[in-house]
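Encoded as structure tokens, the structure appears first; notes follow it.
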Amino acid sequence: MEETHEPKKHSEKEEIEDGLSSKTEAPHLPEFTFKNVCNDIINGVIALFMDPFCNAIVVPILVVFTSIACKIVIANVKYTEIDFKTYMQQIDMINDGELDYSLIAGDTGPIVYPAGFVQIYQWLSWLSSGGEDIPVVQSVFGYLHTLTVLLTCCTYSLVGDVQPWAYMLIVASKRLMSIYVLRLFNDCFTTACMVGVTLVLQAASYWFDTLGSTLVFLLTLVAADLYSMAISIKMNALLFMPAFLIVVYFLCMENILKLLAVILVMVLVQVMVGWKFLLVLFHDEDANYLRMTYLQRAFDFKRSFLYEWTVNWRFVPEEYFTSKLFANFLLVCHISVLIFFVISRFFSSKITGKSLVTLVKDGFKPFNTIASTNLYVNKKQGPKLILLTFATTNTIGVLLSRSLHYQFLSWYCWHMPFLLYSTGWGPIISGAMWAVHEWCWLTFPSTIQSSAILVTILSFTLATVWHRGENWYGS
């Protein structure tokens, strides 16, 4: 019996060894030919544009490229004085003790921005010897531009599946580079803050289950602090307000008390930043006058815009552009489109996990009411939804704004590549759209054609993003 079994055991052992040796054999490689090498190069180049796996290579290159490009532009392109000298004149008056916002002015006009703007440009004034050392200020804006590109790439990375070509469009705007290092507008600081707000809230969504409700709530407070600082620099950040409140409400697990706490933090930040002009501890007649003057001038919602600078409404006759009727029409359109997006997308039952009626009823309950299927707190879909919500809300505001001046491109240029990617048009059509969009902003002065095309591109992009359900609900 033993003799008959030994050969069988030996054969099984050999079979196992043969199997292991076959598994450890080197994989078959294609023949080393010129044709195969060329194909590998072509496939590698295509991957650098199309494969999200290559983002780990593309992003560092883009950040370094931005930093170097800023330095080259600063060294070789003449600085253009528009408003920076006026900013410095206004800061000099404030440094000399002037607190009356109605008296603070410069060559191109009175001060129209809140106290966050004042604090940033006071620092820039100190750094540049009263604004005389322009290259130093340009370097600051160059680093700010590089930081904004890095933060923007991070917001895209948390989405997960964004292809590299969309990242490349982030650094493909000549006008945007000019706004940062050749114009020195305060819009750039507001933009950096808003990208930071988006990133913090995306991170809270991504790690929602890991961090727990307390730490997520603390992250929303950090975002509120940053958002309030953005508003204190320039009021265009208010265009993000609907998106911010919606996202924070869901991250706070639909707890209205937590949302109110977040809003309170925003108010407190405004008070602290504007303390010098609000004179909180004084209640005499002069203090009341200075306080009201600051609020009216820094947060003026009735400012008029000059027709000669408009980028988006050149095809509208000037007499209609300057009328109250046109302003009210745009306001109604803005609110209507926003409500449409809120009801049909942001508050969709496919996203919130409950009907709109239930969502509204739960809003009056002072405790956590969020559904377990809510996609805003889903690790896979949440960061994408948050970026979509912020990007579409802001773009709606930009599209239907009273007027766009050339520096206002910085308001939304950082999320435009993501919206183009979300249309599903692909790199060729999206790249062409981006190029035409850039042409609209490079055309100076704007023309009937350039402004009409700009409005068309923004409208068509928003409509397509809304229509693609997989953007919002996942595949």
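Backbone N, Cα and C define each Cβ position, glycine as well.
Taken from Swiss-Prot, the feature topological domain 'Lumenal' applies to 1-56, 122-139, 258-261, 344-384, 437-445, supported by sequence analysis. If you look up Swiss-Prot, you'll see 1-22 marked as region 'Disordered'. As annotated by Swiss-Prot, compositional bias 'Basic and acidic residues' applies to 1-13. What Swiss-Prot records for 57-79, 99-121, 140-160, 188-208, 211-231, 237-257, 262-282, 323-343, 385-404, 416-436, 446-466 is transmembrane segment, and it gives sequence analysis as the kind of evidence. Under the heading topological domain 'Cytoplasmic', Swiss-Prot lists 80-98, 161-187, 232-236, 283-322, 405-415, 467-475, citing sequence analysis as support.
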Per the Cβ under 8 Å criterion, with at least 6 residues separating them from its ends, the transmembrane segment (446-466) contacts 310-315, 341, 344-345, 388, 392, 395-396, 398-399, 416, 419-420, 422-425, 433, 436-437, 439-440
Same-chain residues at least 6 beyond the ends of the transmembrane segment (262-282) with CB under 8 Å of its CB atoms are 99, 101, 114-116, 118-119, 220-221, 224-225, 227-229, 231-232, 245, 248, 252, 290-291, 294-295, 298
The DSSP breakdown of the topological domain 'Cytoplasmic' (283-322) into helix, strand and coil residues is 21 helix, 0 strand, 19 coil
Other same-chain positions with a Cβ less than 8 Å from the transmembrane segment (237-257) and lying at least 6 residues past its termini are 190, 193-194, 197, 201, 204-205, 208, 213, 216-217, 219-220, 223-224, 227, 230-231, 263, 338, 342, 346-347, 352, 359, 362-370, 374, 376-377, 386, 389-390, 392-394, 397-398, 401, 411
For the topological domain 'Cytoplasmic' (80-98), the DSSP residue counts stand at 12 helix, 0 strand, 7 coil
| field | Contact call for the transmembrane segment (140-160) and the transmembrane segment (57-79): at least 3 Cβ pairs under 8 Å, seq gap 6+ | value | yes
Counting Cβ pairs closer than 8 Å to the transmembrane segment (188-208), the top stretch among 57-79, 99-121, 385-404, 416-436 is 385-404
Grouping DSSP H, G, I as helix and E, B as strand, the residues of the topological domain 'Cytoplasmic' (232-236) number 4 helix, 0 strand, 1 coil
DSSP puts the residues of the topological domain 'Lumenal' (437-445) at 6 helix, 0 strand, 3 coil
Counted with DSSP (H/G/I as helix, E/B as strand, rest coil), the topological domain 'Lumenal' (258-261) has 4 helix, 0 strand, 0 coil
